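Below is one structure, written out as structure tokens, with a few remarks after it.
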């Protein structure tokens with residue numbers, strides 16, 4: 001067993017033991033505990049849980065690599081996946097918390113109509129499930145590289161641990177496990193980043209010091225046939241596209257059910273506001289570091305292969321070559337071109353996804369740090385998967401089964417049982433899909449945001465801020481948004497066997513969600529105005545969620 | 001404190017049904033005005049400085065960062081975090097002013 005393998009085993013077994021211990025301590029008996037952790041989660045803990053839930057395998061493993069090659073335009077992910085929290089905190093979280101129900105479809109059902117609830121529940125399941133599959137295969141990559149397990153066994157092992165703590169502990173177990181997972185993943189992300197920054201620039205604060213290498217990085221990038229890191233709109237093509245993709249990711253973030261649901265678990269409306277602050281602060285720690293990791297790793301990578309022949313490359317090229325994620329053209333004398341695109345025909349082709357996991361090796365850091373990195377990647381994948389599985393379980397049991405198939409009510413025990421069975425089925429399906437990923441999963445995950453932006457976001461906002469919005473409007477808005485964005489994605493992408501067409505006006509399919517949201521807003525407003533206003537009771541409910549508590553006649557005068 | 005007393009109702013008269021709806025409107029208006037201000041900053045920093053004006057701003061360089069790139073990859077995120085904190089703190093004040101903060105039986109914040 002190599003040093004790296006030893007440390008990887010060490011950290012993964014240690015962290016898994018911690019997760020299961022926490023889950024055992026917080027096992028639950030009631031549906032309120034199972035779905036919203038009894039609304040008793042302290043604010044900072046909830047913030048950390050949201051952050052772990054949010055930062056998936058894609059954020060941890062993929063993002064810095066993506067930014068390394070996108071350069072300046074990597075900002076679409078950085079701003080898109082953080083800016084949405086401002087919308088969430090200011091426009092949604094406090095009001096949905098005041099509403100005080102278990103799920104997002106439930107809010108939509110109360111506010112508009114039962115039919116909208118069913119559509120929302122199905123959409124929540126589809127969006128969350130495609131997302132889970134991505135996490136499962138992310139976990140599989142970590143296992144196959146570091147532990148020499150097959151991807152299949154990696155996925156099964158990862159799912160088994162999630163199964164134990166999610167089914168046992170529900171939202172409560174998941175939340176406290178996520179706090180631990182956040183701690184693991186942020187330490188695993190920051191330590192190598194600080195080490196690489198110190199090694200390269202002598203300043204151990206990567207967020208500040210990566211500025212000092214940008215000029216050198218630009219020059220090297222051009223030398224190897226890549227565009228300059230600091231050049232705007234070179235990575236994604238056009239300003240319009242960067243604008244729309246950023247907007248779509250922001251609106252989608254604010255509309256994704258597995259994020260919104262986390263603000264139902266706080267004690268108070270005030271707690272929901274501060275949770276959003278802590279969540280974004282914790283997320284920002286990683287997101288501010290990611291572009292620095294991308295820049296440093298790319299610099300080290302390019303310096304390492306500069307003037308080297310294919311036989312004379314650094315060791316990491318060999319070790320990662322075994323996973324098929326790094327390929328070298330053996331027929332050239334000296335590596336002259338580098339790319340992340342397999343179709344580019346460059347001398348050295350490096351997949352985006354390995355940059356973070358390989359960064360300690362590329363930067364020449366010791367084995368324990370590589371092991372920690374693997375544990376961090378697992379924590380990111382598992383925490384997100386668990387949160388998503390809970391959304392699937394609650395949508396399937398709470399919103400569909402007990403509303404549609406078994407309307408005559410059920411005992412607390414029955415509801416818990418169905419919730420747990422739904423989660424077990426979801427995990428089983430996720431294992432199967434993680435082992436046999438459908439070809440278009442990677443794309444669908446990215447487009448989950450576009451669909452969330454063009455379906456959920458507008459009707460949630462209007463539902464809270466405009467009393468006149470009604471069921472007919474919301475139904476029409478959601479369906480038009482879905483059809484509009486969905487058909488543009490199918491038109492521009494190869495999914496379901498269709499051929500890809502050129503995007504219209506250079507708008508990539510990731511950016512269509514922002515336009516879909518605008519269409520949804522317009523349709524919901526117009527149709528609502530043409531039909532009858534919602535009932536007095538609903539309007540009164542909308543009025544009530546504006547005020548955190550009933551007004552006290554005498555204001556406490558701060559003595 | 002004078003301001004708080006003022007918000008309790010005009011001239012300290014017992015709040016009747018008419019007074020009741022007027023505080024609700026004032027509370028909501030204050031809330032919305034603040035949200036609009038914060039979202040204007042949110043938009044300016046991210047979409048404004050980080051995307052629409054990135055190229056002109058890139059001609060200014062600080063610590064090696066072209067300024068537009070810095071806003072797009074760092075500055076906007078710092079601003080987002082601060083905006084949410086300001087929102088939460090400011091809402092605490094408005095809630096207190098109108099007496100709608102969540103408090104337990106002993107008047108402590110929950």
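Cβ atoms here come from the backbone N, Cα and C positions, even for glycine.
Because TrEMBL annotations are produced automatically, they should be read as predictions rather than curated entries.
Beyond the ends of the transmembrane segment (A:44-70), by six or more residues, the same chain brings 77-78, 81, 131, 134-135, 138-139, 141-142, 174-176, 178-179, 181-183, 185, 189, 226, 235-236, 258-259, 262-263, 265-266, 271, 274-279, 281-283, 286-287, 290-291, 293-295, 297-298, 339-340, 351-357, 359, 376-377, 379-381, 383-384, 386-387, 445 to within a C-beta distance below 8 angstroms of the stretch. For A:44-70 (among others), the entry in TrEMBL reads transmembrane segment.
Per TrEMBL, the feature transmembrane segment maps to A:76-96 (among others).
Sequence annotations record features per position, and here TrEMBL assigns transmembrane segment to A:116-134 (among others).
The feature transmembrane segment is assigned by TrEMBL to A:146-167 (among others).
The feature transmembrane segment is assigned by TrEMBL to A:179-198 (among others).
Sequence annotations record features per position, and here TrEMBL assigns transmembrane segment to A:242-264 (among others).
What TrEMBL lists as transmembrane segment is A:276-296 (among others).
The annotation transmembrane segment is assigned in TrEMBL to A:369-396 (among others).
Residues annotated as transmembrane segment in TrEMBL: A:417-435 (among others).
The feature transmembrane segment is assigned by TrEMBL to A:441-465 (among others).
Here TrEMBL flags A:472-491 (among others) as transmembrane segment.
Under the heading transmembrane segment, TrEMBL lists A:511-531 (among others). Sequence-distant contacts of the transmembrane segment (A:511-531) (same chain, six or more residues past either end, CB-CB distance under 8 Å): 241, 243-245, 247-249, 251-252, 447, 449-455, 457-459, 461-462, 466, 468-470, 472-474, 476-478, 480-482, 484-485, 488-489.
Nonlocal intrachain contacts for the transmembrane segment (A:76-96), taken as residues 6+ away from its ends with a CB within less than 8 angstroms of a stretch CB, comprise 54, 59, 63, 66-67, 104, 107, 236, 242, 245-254, 259-260, 263-264, 269-270, 272-273, 275-277, 279-280, 283-284, 287, 290-291, 449, 460-461, 464-465, 545-546, 548. Residues 56-58, 103-106, 108-109, 256-258, 384-385, 388-389, 391-392, 395-396, 399-400, 403-404, 426, 429-430, 433-434, 437-438, 441-442, 444-445, 448, 451-452, 455-456, 459, 471, 474-475, 478, 482 of the same chain lie 6+ residues outside the transmembrane segment (A:116-134) yet bring a C-beta within less than 8 angstroms of a C-beta in it. The highest tally of CB pairs under 8 A with the transmembrane segment (A:369-396), across A:146-167, A:276-296, A:472-491, is held by A:146-167.
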